[in-house]
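Just below is one structure, and these are the notes that go with it.
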Amino acid sequence: MNMPSWLIFLLTGWTFCGNFFACGGLDYDYPNYENEEEKNEAIDYKDPCKAVVFWGDIALDEEDLKMFHIDRTIDLTQHSNEKLGHTTGGLEEHDLSKKRGALYQLIERIRRFGSGQENTTANSQKVDNNQSGKSKKIRIPRAATSRTERIWPGGVIPYVIGGNFTGSQRAMFKQAMRHWEKHTCVTFIERTDEESYIVFTYRPCGCCSYVGRRGNGPQAISIGKNCDKFGIVVHELGHVIGFWHEHTRPDRDDHVTIIRENIQPGQEYNFLKMEPGEVHSLGESYDFDSIMHYARNTFSRGMFLDTILPSRDENGLRPPIGQRTRLSKGDIAQARKLYRCPACGETLQESTGNFSSPGFPNGYPSYTHCIWRISVTPGEKIVLNFTTMDLYKSSLCWYDYIEVRDGYWKKSPLLGRFCGDKLPDVLTSTDSRMWIEFRSSSNWVGKGFAAVYEAICGGEIHKDAGQIQSPNYPDDYRPLKECVWKITVAENYNVGLTFQAFEIERHDNCAYDYLEVRDGSSENSPLIGHFCGYDKPEDIRSTSNTLWMKFVSDGTVNKAGFAANFLKEEDECARPDNGGCEQRCVNTLGSYKCSCDPGYELAPDKKSCEAACGGLLTKLNGTITTPAWPKEYPPNKNCVWQVVAPSQYRISMKFDYFELEGNEVCKYDYVEVRSGLSSDSKLHGKFCGTEVPEVITSQFNNMRIEFKSDNTVSKKGFRAHFFSDKDECSKDNGGCQHECINTIGSYVCQCRNGFVLHDNKHDCKEAECEHRIHSSNGVITSPNWPDKYPSRKECTWEISATPGHRVKLSFSEFEIEQHQECAYDHLEVFDGETEKSSILGRLCGSKVPEPLVATGNEMFIRFVSDASVQRKGFQATHSTECGGRLKAEAKPRDLFSHAQFGDNNYPVQADCEWILMTERGLRIELNFQTFEVEEEADCGYDFMELFDGHDASAMRLGRFCGSGPPEEIVSTGDAVLIHFHTDDTISKKGFHIRYRSVKYQDILHTK
């Protein structure tokens, strides 16, 4: 039987009524992040995390169990209940008794179903034979009929991205969707008013998605912790489109071997497979390369133990499985069959391109059907120009024709239907998508047609809502672009603009690349903002129904750009009833909210106000405490203190005691400190837990402190005192040439990198540029950063890190004069303490280099500029990586467990390997100066292992934890492998080893 490449969701059987979803499925470890989404997430979607039981990463109810073939060699009664939900954590939403009850129901039903397979088949034949006898075909109750309601109509999938994702995550989601669009005829569109759509959310079950379209409302695709990787999102979208995992297909045993003894206890059920009658074969062979296939070591007892072993190919090689980088050829072929994509046509995503009828210019075949989808960046328009047109001409273009539609699919507005030999006029879309369909049904032979298109950015937009993105978003914008948009919404409304992502080349004055926004319809309208850098601009609201935007990029550094939504906006607070608010009404884009005067808080109706803690404080210093201090604070409190000092003063807040209910994102009880008096002022921090915050100093002469508690756990609270200090730097920069640093009672001037302070303590002059760095991490920059580096400058950095740890250099920004051989301005990095060490790289240009890693704990860096062109320079972070190869010599050397040994405990989830080597004939002696590692009877949590050779296959000298080895250890050969592993909980001081090479005779003499 020729089975499909993927287990497609074309489920069958009228008895089926369960809710299925599938997840990423590769061994991710998810803690419980229940309810970690933003509180303003108001979409009532179908949540894939709420399942009775899980089949690995697929949710099942009792009826769903009929879908799967059960291999009776698996004894599901041996499963460990505690292991359920390993990859997704979905069962953590139920208490343990519910887990166990559901599991045993699953086990019992699977066992009954597995043992009754033969009878089921016999009974089905008997039922068929009792029918009229006109049909000779054997009918199985769960026949292989397609569930068409699970296919997205027209291949169009509307989506919404939740508000709790960063700009880079949103860009990556869009890249993943464009990847599917590029290779198939599936189309993802931002949801407007569609009833059924997907919602990208952050859910506690990690990487999760339903399989296919659920219908009757939104459905979630969960991108949880550690899931925000391109390949994982492409995989999850595969489930949305309608695919199961490859390794569960019925004929998988012909292609892979399941090695059960290597499977983690309690996880054997993840390797069950589906019934042949439950999937629809589309003629595709087993696809080892599928992005929907599990890896070889999924749910393995050990990293290097296989659980799924692919069969050897004709060359005797085992194909790789479990890739998460891109769609395979089989993935693409199967998706195109599932959605019945025409064999002719494609999705065009470049800014310019061309296409033509099949066989052009030698004639097109009859009965041809082609579809081209042009998709460019939102905010761009498509200009389509036919350069040749030679089709059979008929009345109303009935037979052979080409149709162009202004949108993403066949129901979009028609721009024109063409045939004959007359060239159509140039066609321009109103948005960023265009749909072109070609059909032929005559036997007439003509050349066909050819067309070219171009994406143009900017233009006039007359819509009440939409999206604008920089050219080529979510990829880097193109150089030398200038785009101007004029947005017009309905009369008597304003234009609201909110940014989802923002990353434009940074410059103090936004001189290179920038986005300019003006309050009106022209470049002469009042300026709202001139934006660049990586911080998202605040929401923008025009004063009329028009907004003018201009994006400019120069010819050098290109970034990801921006994505923004616009909408028609009204001020609900301007209504006569003040929006129904008792005291204050705060207008927001697309909505509004009520707030209260200081000393009051919102009542449960969210409209009226009642007395609260907090208030307006105008003293130069004072104390703030939580309600009921020093007793536990009450539940459901909202306190706002507004502290105001005289002009040119700054306010500092110091917490003396701090104890609030805590979690990682401070979503229950917390205190927020802001510069300014409003709730949307600059946030200095959101604090909870028991760690006392650092001293906070306001940017201006006012500060807002807000405390909130929920209705559950209460703690002692906090006590803080504030004091005000005059900021001499706020006026004329304190007279400093470069930077002014305010201090309590005074101020100091500070110079940028490459300069020193003049004797007058205000001016800066060029300095010697030699740096010696002995810290494990930090930041280095070119002189005068972030302004252009000076000419004729040479700077050096000698970085020395903790012994046993390699120096790593990572660049965040880079712009040095370009030359093919970096002969002019350049940056050199050497693998050692001087420029005589081997070179790791000689760098110039505007492309950010890949990270550079030294082989040891020293790195030498030299920057040189000539007398001509100056650029922005570079900014880089130096850090350390543990492990590496170290040479043991007669003189003792040191090795430390972690780079911050002595200052901090070792980090969690560390995994480091050092190979100590010496000359042939010598041995290596290890003396433990310090050893303090989490203790456990079998050293199963944190430990250090020693192997008497170059790798872990050598004889193990011991596994140590607690206080370590009782005495020094000597190898029997010229190499020792040290392996240090920590788990994700308790950490200790670590270890300090002093090692050297010794002669065997010396050891005997010493002993």
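Glycine too: its Cβ is placed from the backbone N, Cα and C atoms.
Taken verbatim from Swiss-Prot:
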SIGNAL    1-25  signal peptide
REGION    115-139  region 'Disordered'
DISULFID  Cys185-Cys341  disulfide bond
DISULFID  Cys205-Cys227  disulfide bond
ACT_SITE  Glu236  active site
DISULFID  Cys397-Cys419  disulfide bond
DISULFID  Cys457-Cys483  disulfide bond
DISULFID  Cys510-Cys532  disulfide bond
DOMAIN    569-610  domain 'EGF-like 1'
DISULFID  Cys596-Cys609  disulfide bond
DISULFID  Cys613-Cys639  disulfide bond
DOMAIN    613-725  domain 'CUB 3'
DISULFID  Cys666-Cys688  disulfide bond
DISULFID  Cys751-Cys764  disulfide bond
DOMAIN    769-881  domain 'CUB 4'
DISULFID  Cys822-Cys844  disulfide bond
DISULFID  Cys882-Cys912  disulfide bond
DOMAIN    882-998  domain 'CUB 5'
DISULFID  Cys939-Cys961  disulfide bond
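The structure, with features from Swiss-Prot marked on it.
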| residue | record | DSSP class |
| --- | --- | --- |
| Cys185 | disulfide bond | coil |
| Cys227 | disulfide bond | coil |
| Glu236 | active site | helix |
| Cys397 | disulfide bond | helix |
| Cys457 | disulfide bond | strand |
| Cys483 | disulfide bond | strand |
| Cys510 | disulfide bond | coil |
| Cys596 | disulfide bond | coil |
| Cys751 | disulfide bond | coil |
| Cys912 | disulfide bond | strand |
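DSSP assignment over the domain 'EGF-like 1' (569-610) gives 6 helix, 16 strand, 20 coil. Taking the C-alpha positions, the distance from Cys639 (disulfide bond) to Cys596 (disulfide bond) comes to 11 Å.
Residues belonging to the domain 'CUB 3' (613-725) score a mean pLDDT of 88 in the model. According to DSSP, Cys882 (disulfide bond) sits within a strand segment. For Cys882 (disulfide bond), the nearest of the disulfide-bonded residues Cys227, Cys596, Cys844, Cys961 in terms of C-alpha separation is Cys961. Non-local contacts of Cys419 (disulfide bond) by the CB criterion (under 8 A, 6+ apart in sequence, same chain) comprise Leu391, Tyr392, Lys393, Ser394, Cys397, Tyr399, Asp400, Tyr401, Ile402. Taking DSSP states H, G and I as helix and E and B as strand, the domain 'CUB 3' (613-725) has 0 helix, 57 strand, 56 coil.
The secondary structure of Cys764 (disulfide bond), as reduced to three states from DSSP, is extended strand. Rounded to a whole number, the C-alpha distance linking Cys912 (disulfide bond) with Cys961 (disulfide bond) is 15 angstrom.
For the recorded site, Cys961 (disulfide bond), the DSSP three-state label reads coil. Looking only at the disulfide-bonded residues Cys341, Cys532, Cys613, Cys822, the one with its C-alpha closest to Cys666 (disulfide bond) is Cys613.
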